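Everything on this sheet refers to the single structure shown next.
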Amino acid sequence: MPKFDVSKRDLERLVGKTFSVEEWEDLFLYAKCELDDVWEENGEIYFKADSKDTNRPDLWSAEGIARQIRFALGFQKGLPKYEIEKSDVVVYVDEKLKDIRPYGVYAIVEGLNIDEEALRQMINLQEKVALTFGRRRREVAIGIFDFDKVKPPIYYRAAEKTEKFVPLGYDEEMTLEEILEKHEKGREYGHLIKDKPYYPLLVDSEGKVLSMPPVINSETTGRVTTETKNVFVDITGWDLNKVMLALNVVVTALAERGGKIKSVKVVYPDFEIETPDLTPKEFEVELDYIRKLAGLELSDGEIKELLERMMYEVELENRRAKLRYPAFRDDIMHARDVLEDVLIAYGYNEIEPEEPKLAVQGRGDKFIEFEDAVRELMVGFGLQEVMTFNLTNREAQYDRMNLPCGEHQEECRDYFNHPPAELVEIENPISPKWSALRNWLIPSLLDFLSQNTHEEYPQKLFEVGKATLIDESRETKTVSESKLAVALAHPRVTFTEAKEILEGVMRHLGFEYELEEAEHPSFIPGRVGKIIVNGETIGVIGEIHPAVLENWGIEMPVAAFELFLAPLYTEPYL
């Protein structure tokens, strides 16, 4: 969870009222934070805020916390208002960036009065949003520049690796390749672009470099100081919705410091947009649902008042609430999310506890204990556990795995359930990247390896996780199966090394098994087999096909296996 430092004096300046340290401990709860530490430095009191919500990047700075508290205390109600003035600035996006880092969104914020604490919060917000929400700059990277040093129009273009500029913190030019090799940020984030044919570059009309997203800003325009009055904000990434949200978070935080927001026209090869877009989002909720789940006898008017203190605009109609909420939020997906805000405004400490009417005695789930035992076993074999997302997409599950499914479902076939021919897909996904539930785990491990090619080898991974399969006999038409997957990556890895770990698993769990040679496009022919226990095929083992490794951008050989855990579930776990 994000942690960051804030000044008590700065928070109180933004809220408009002073409080004791004890009062601040309670106030932080309105912003879904806990007060982790308090200390004094040069006569100033500082807090370490520990955010408890990874879906609210708008609360990861002093500006966001202060805004939330102002509304929660009733100093303001309803939607926060931000005006956007249209500028004549245009950013042109190069078509060559489509497969490199396709999306950039931009804004101008003018009239800032930046002191040292405001500058520290600006840098903190950049770093926390890019690190956590942006997954270490892979999905979101942020640049803030001194706009007075920039000459529009601006170009987000593909650059040759031999082009030069002075990176932030240096006083001499370096080529883009040299930056990735020698600059601290280049070594840290260069793996995100180093294998691309071109590198992204943001330049103005005079050819002056602003930044090399997502790695480093230029020294010329990318150093913001307390003397800076007008800034240009740049957000790049792979998902347009995600970079738009990050832009909304940053510009509204700067507006809390008195800045005036101006929009920028962004011209893509096949469409144009004006950014930022702060149009409020909409949602509807049944008031009786709120009352029932809250367990509180709240009137319609009380629910309305509580929601207005959480930055909603509320219209009551036919026992329902039509809601509009700020564009810097993207976490309202269900009525329960609205209920959470109602309870935060009401105050969890104000809810009277009740003793359960039915005495129950809990115990651990036996199958979960079995899964934990398997995890301990794998750690004992020297493997590192990873926990990846259940949500994925068809490309990752089939296309990148060299399987003939893609968009043509009729071409799919069942590779002894690794993977099955059918994929559970989401009807209206928020992002194409998260458009399906995975039906096998090896692609998730390869994705992890592809994101860590800059780390040392060998890399030996395992995951105990869920795969979702079609099952027409069930009410939901699906079933989630627990599986074990292992991936080994280093220059000398072989089928035998993976087989030795598989043998260790079977021996410790008390099972005899057989391997039967099989055909599977994800693996090298002749080096792949079915895992058979009690006459039933429960998994697959083999060396990953070079075409698959190339699809994932992995340069090391990989051996892997995957199997269902349920057939191995016996005493003493039953």
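Note that Cβ sites are derived from N, Cα and C of the backbone, with glycine treated the same way.
Taken from Swiss-Prot as is:
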type: DOMAIN; residues: 278-353; note: domain 'B5'
type: BINDING; residues: Asp331, Asp337, Glu340, Asp341; note: Mg(2+) binding site
Original post:
Cβ-Cβ under 8 Å from Glu340 (Mg(2+) binding site), same chain, 6 or more residues apart: which ones?
Top reply: none
Subject >> Residues close to Mg(2+) site centre defined by Asp331, Asp337, Glu340, Asp341, Cβ within 8 Å >> reply: Ile332, Arg336, Val338, Leu339
Subject >> Those binding-site residues listed as Asp331, Asp337, Asp341, and which of them has the most Cβ atoms within 10 Å of its own Cβ >> reply: Asp341
**OP:** Average the pLDDT scores across the domain 'B5' (278-353) and report the rounded value.
**Re:** 94
Original post:
Going by DSSP, how much of the domain 'B5' (278-353) is helix, how much is strand and how much is coil, in residues?
Top reply: 32 helix, 17 strand, 27 coil
